[in-house]
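Structure first, commentary second.
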Amino acid sequence: MVLNLKKISNFYHLKILNFCTASNQFDLVVIGGGSGGLACAKEAASFGKKVAILDYVKPSVHGLNVENLKYKSPTFGLSGSSWGLGGTCVNVGCIPKKLMHQSALIGQAIRDAKSFGWNVASESKILFNWDNLRVNVQKHIRSLNWGYRVQMNQNSVTYLNAYGSFVDANTIKAVDKANKEKIITSKDIVIATGLRPKYPEIEGAEEGISSDDIFSLPRPPAKTLVVGGSYVGLECAGFLSGLGYPVTLMVRSIPLRGFDQQMAHLVTDNLIVHGTDILWRCKPKKILKNGIKLRVEWEDEVGKSNSDLFDTVLWAIGREPRLSDLNLDAIGVKCDSKSGRILVNEKDQTTVSNIYAIGDIQHGRPELTPVAIKAGKLLARRLYSDSQLLMNYNNIPTTVFTPVEYSCVGLSEELAMEKFGPNEIEVYHASFKPLEFTLPQRVRETCYLKVICTQAEPQQVLGLHYIGPNAGEIMQGFSVSLRCKLTIQELINSVGIHPTCAEEFVKLNITKRSGKDAIVTDKVSAVFEGKYGSRL
């Protein structure tokens, strides 16, 4: 079927016009047009419910506006970045991040090509163009934005590009960008507003950008300081280094907090191999304009002051809710006092019975797009069909898209020891060299995996961790097996697919407890011996 986009567009505007001039009562109003909100709205509409979705993106703190190219300083965007329907993942998260990561991987493949017989020009002649990548990424994002609007129309979901705030538990005030107000009422309301990047409380913080801005940056980032050891920080540092820019990563405490720390430090080791400089246990104190550059002053762990010039400073120090305008206190929706996120029960219900929250805005839940999508669908089914199925927030797989990727599911080694005791778990592990790394002699990168299981029979698997190529593709299948009560014996009794990286899981036979060398082949043992021994 060929869609008449002009017709759909006209119908869409007509529908919004009719909505704004008539009184409507909805079965469900969703505040937030990200992955979780969209999934919930579409699922509810599939049950014949009358649904509206409100989505309005307030501009970033100090983004770089593509429309404003007249600048005299590095922070030449005055109005901040904003985007269309689809939320963080589509616009400033998973999608553009993965595309830029892929661009960096292609650069590595070009450098490896000569070893595989390709007659490639010298590396000095291999040129990367930031503007071409940015434009193509943004075109793809806009196509997704439009696609979501079409889907809303096809599913009879009323879309409002407006900011919502509560009047009471059933009433929402919607304010659009022209500051026009509309009062709407609904039986049920879902809050799916997501999170936004944090900015530090230091002088000149507004001169930096965040992940809200980097993917639409209208000039090459050039020499970049990435501040923060979060997965966002490590991923941005990784793809920027891979694209050829000088990158420094500043980590205040530990990398990838909440992840397995052995794996986290192997990830940062690989970042260093790929060209990222890392400043450990440092914190920024001040940013000052210096012509068209930024002078960053920071303090190390012993209190010594340092400074350097950068073209771009990217904050990746975490994400936080922006709920102050929703008027939650007035209607009794409670938030966690520390995180600021909304408190919910196992049914994703807030402290007000007809108001729900899904996605990153929930307190204590995984901040992942697939989690929000699944939770949104299940919530709609519980509300409007006979389903009683709850979202299972345990054993959620995730991937960190650094130059050498890291994926995991289940417990970290630290959490397993804390939960079961250090003598009650067994860790099978191996360090390996992917076949595709051999011809270009990529000997400095560490690829490693481990499986954490109970010591007692039948040695049920508690967690799987993998660093290497195609990490997410490999871990997805293993995450299903973990939910099926996988045991170590079932794993190592399986037949692998050769030659693949995934087969290293079924070849595992060495435990940490044994003290034996975890290197898979003798040929690469010398490369890792000593340098990585303490971590493997």
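Numbers run from 1 along the shown chain.
Using the three backbone atoms N, Cα and C, a Cβ is placed for every residue, glycine included.
TrEMBL annotations: computationally assigned, not manually curated.
Record features, source TrEMBL:
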- His498: active site, proton acceptor (ACT_SITE)
- Lys98, Gly164, Asp360: FAD binding site (BINDING)
- Gly228, Gly229, Ser230, Tyr231, Val232, Gly233, Leu234, Glu235, Gly318: NAD(+) binding site (BINDING)
- Cys89-Cys94: disulfide bond (DISULFID)
- 26-376: domain 'FAD/NAD(P)-binding' (DOMAIN)
- 396-507: domain 'Pyridine nucleotide-disulphide oxidoreductase dimerisation' (DOMAIN)
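Recorded features from TrEMBL, shown on the structure.
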| residue | record | Cβ contacts under 8 Å, 6 or more apart |
| --- | --- | --- |
| Cys89 | disulfide bond | Gly34, Ser35, Ile95, Thr369 |
| Cys94 | disulfide bond | Thr369 |
| Lys98 | FAD binding site | Phe401 |
| Gly164 | FAD binding site | Val29, Ile31, Leu54, Tyr56, Ile172, Lys173, Ala174, Val175, Leu326 |
| Gly228 | NAD(+) binding site | Met250, Val251, Arg252, Trp315, Ala316, Ile317, Gly318 |
| Ser230 | NAD(+) binding site | Leu256, Arg257, Ala316, Ile317, Gly318 |
| Val232 | NAD(+) binding site | Pro197, Ser211, Ala316, Arg319 |
| Leu234 | NAD(+) binding site | Leu249, Pro255, Leu256, Val267, Thr268, Leu271, Val400, Thr402 |
| Asp360 | FAD binding site | Thr88, Gly194, Leu195, Arg319, Arg341, Glu367, Ala372 |
| His498 | active site, proton acceptor | none |
Legend entry - Conformational class of Gly164 (FAD binding site) under the three-state DSSP mapping: strand
Legend entry - Residues of the domain 'Pyridine nucleotide-disulphide oxidoreductase dimerisation' (396-507) by DSSP state, where helix covers H, G and I: 36 helix, 33 strand, 43 coil
Legend entry - Around the Cβ of Gly318 (NAD(+) binding site), the count of other Cβ atoms that are within 10 Å: 15
Inset, instruction - Look up Gly228 (NAD(+) binding site) in the DSSP assignment and report helix, strand or coil. - result: coil
